[in-house]
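Novice: Have a look at the structure that comes next, please.
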Amino acid sequence: MRFLILFLALSLGEIDAAPPVQSRIVGGFNCEKNSQPWHVAVFRYNKYICGGVLLNPNWVLTAAHCYGNQYNVWLGKNKLFQHESSAQHRLVSKSFPHPDYNMSLMNDHTPHPEDDYSNDLMLLRLSKPADITDAVKPIDLPTEEPKLGSTCLASGWGSITPTKWQIPNDLQCGFIKPLPNENCAKAYIHKVTDVMLCAGEMGGGKDTCAGDSGGPLICDGVLQGITSWGSIPCAKPNAPAIYTKLIKFTSWIKDTMAKNP
């Protein structure tokens, strides 16, 4: 499970690490400037850890396996390591990981077939609302299931090489396809459930990877998933990645935001 594993390694080192899962864009390209205005860079202290998605001026959605403390976020960034006048910095006042995510999987351990990374999402409440500009815009939650055959765009600042941690300066984009969950179930020892979305290229070469966790998967212009986990190395043939299937969580997301204005 590449995304989580790499995340753990990052967390324990200069960024922080998680379980056998990880995420980044391999085989992608530099996103057009301000083309992903909902994309958020999530930091712990001054270390980049994950991507995120701006749902409204007060709330960011990311992955539960990015859980920690002392979060802060950057919005409106195209280049992670450069000053940009379009960028906005915000502190996070409170985090809300999904209550059914198994946090014990955050501990490094030997993978088991019963490991279940379902419910991998977390809401971050910003301490100050984001200013909506051309570079910073929210994206709506989905209202229907993603369709097989649609075109999906993943974005992130995750590693751009499959086996070595190489984080890019430019936000990366990559086109992939939603696939039947059976394709992912055949590829992994861990459980693949109906609240997960399988996506990628069966031939390999394009994939999210370590550092992309929590970032958006947008299919035919609709936010359908956030990057959760996959294989190491990334972009292997017959090993597409897993995304949290957001249509399954719209009620929890809306209820959590409404109860914490």
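Counting begins at 1 with the first residue displayed.
Every residue, even glycine, has its Cβ placed from backbone N, Cα and C.
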Novice: Need the cross-check against Swiss-Prot: the disulphide partner of Cys234, picked from Cys209, Cys219.
Specialist: Cys209
Novice: According to the record in Swiss-Prot, which candidate from Cys173, Cys198 pairs with Cys184 in a disulphide?
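Specialist: Within the candidate set Cys173, Cys198, Swiss-Prot assigns the bond with Cys184 to Cys198.
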Novice: Regarding the disulphide bond with Cys31, report which of Cys152, Cys173 Swiss-Prot records as its partner.
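Specialist: Going by Swiss-Prot, Cys31 is disulfide-bonded to Cys173.
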Novice: Indicate the candidate from Cys31, Cys66, Cys219 with the smallest number of other Cβ atoms within 10 Å of its Cβ, considering only these disulfide-bonded residues.
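Specialist: With the disulfide-bonded residues Cys31, Cys66, Cys219, fewest surrounding Cβ atoms within 10 Å: Cys31.
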Novice: Would you count the other CB atoms within 10 A of the CB of Cys234 (disulfide bond), including those on all shown protein chains?
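Specialist: A count of 32.
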Novice: Looking only at DSSP and grouping its letters into three states, which state does Cys184 (disulfide bond) belong to?
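Specialist: Its secondary structure by DSSP: helix.
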Novice: Looking only at the domain 'Peptidase S1' (25-258), what is the model's average confidence as pLDDT?
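Specialist: Here the mean pLDDT over the domain 'Peptidase S1' (25-258) amounts to 92.
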